[in-house]
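Annotations per Swiss-Prot:
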type    : residues                                                                 : note
BINDING : Ser72, Gly73, Glu74, Lys75, Glu76, Lys77, Thr130, Thr131, Lys142, Lys151 : NAD(+) binding site
BINDING : Glu184, His247, His264                                                   : Zn(2+) binding site
Amino acid sequence: MGNIHIQTKSKEYDVYVGKESLSHLTTIVQNMQPAVSNIMIISDEAVASLHLQTVVDALQIDQKVFSFVVPSGEKEKSFENFYAAHTSALENKLDRNSLIVALGGGMIGDLAGFVAASFMRGIRFVQVPTTLLAHDSAVGGKVAINHPLGKNMIGAFHQPEAVVYHTPFLQSLPEKEWRSGYAEVIKHALIGDVKLYHWLKEEVQTLADLRDEKLIHILTKAIPVKANIVAQDETEKGVRAHLNFGHTLGHALEKELGYGNITHGDGVAVGMLFAIFLSEQVYKVNLAYEEMKQWFLKYGYPKMPSDLSVERLVGLMKQDKKANAGTIHMVLMQEYGVVNVVSIPDETVHIALEAFQKDMVEK
């Protein structure tokens, strides 16, 4: 098992990673001061059916534990479910000493975290991720819900008390969720750990390799990349934006195709390839785009759909949170491990995206 210490300006906490991590949950709760009055577990239907009782049983405490379960899927990260969770919290008499446990993937972590951030102006919460993708979202304190006009547009910065990454929970994931989460692992390697990138190319030949000790190794290498960036810039005023590598186009694809019709990781994978494609043009460097594309395709990541309107995608990219006064800002790569936020004119993005779309179709 590997423990990772997270330090930000507002809070310090630990991430417990391993096959026995759930055993720490009771101690985490018992050590909280002031003492926890009661616990609300927020989960989704798919995860709750598999793991909710396991977590309840692991909480060997006297306090009342109850659950709030929403349907599964990114579209459920909505104001309606956010409001309903508050109603449930009030009905079950949560107070300022209560604790919320986010049991699920990134959608649940975002939803439950924002409920915790806003209920009575902020109460404590613990992340219990059940997906590989959540190795990214569970750490760092960004919590949010979606708006019909944009992803993660309503939210806050609210750090958890701890993250309990019980790796056996991941074994029930379908392949598309392994692939989705692995995209964020690749992202962390490309922007902050070149040694990890080379290790992935050698050791992860198929998604089936993301198991057991290799999985724990990946998590204990990828999470510190994010932790180091968050320690420098907790509220995304500077270098934390580097974590959005691949996300400008990725989020646009999610919005255009409809949340749930493409996984977050698949969108980010296409977005990273486009960022590398554009970076080669902007910086006049060779980043081995063609080799990278074949590596991504080996894992089953999609190509950019040929029937999507480039003009519409550019419009959606202008709504990205990094955009400033309607100008697209993208995270581009100078070399592996070195990225920057760059202002890109609409016309440049449009021309590059058309060429990228054509390249993905023809090759």
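Glycine residues also receive a Cβ, built from the backbone N, Cα and C atoms like all the rest.
Locate each feature and note its surroundings.
When other Cβ atoms within 10 Å of the Cβ of Lys142 (NAD(+) binding site) are tallied across all protein chains shown, the result is 23.
On its own chain, His264 (Zn(2+) binding site) has Glu74, Gly106, Leu133, Ser180, Ala183, Gly250, Glu254 as residues at least 6 apart in sequence with a Cβ closer than 8 Å to its own Cβ.
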For Thr130 (NAD(+) binding site) and Glu184 (Zn(2+) binding site), determine the Cα separation and express it in whole Å.
15
Rounded to whole angstrom, what's the largest C-alpha distance between any two of Ser72, Gly73, Glu74, Lys75, Glu76, Lys77, Thr130, Thr131, Lys142, Lys151, listed as binding NAD(+)?
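So the maximum pairwise Cα distance among the NAD(+) binders is 21 Å.
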From the binding-site residues Ser72, Glu76, Lys142, pick the residue whose C-alpha lies nearest to the C-alpha of His247 (Zn(2+) binding site).
Lys142
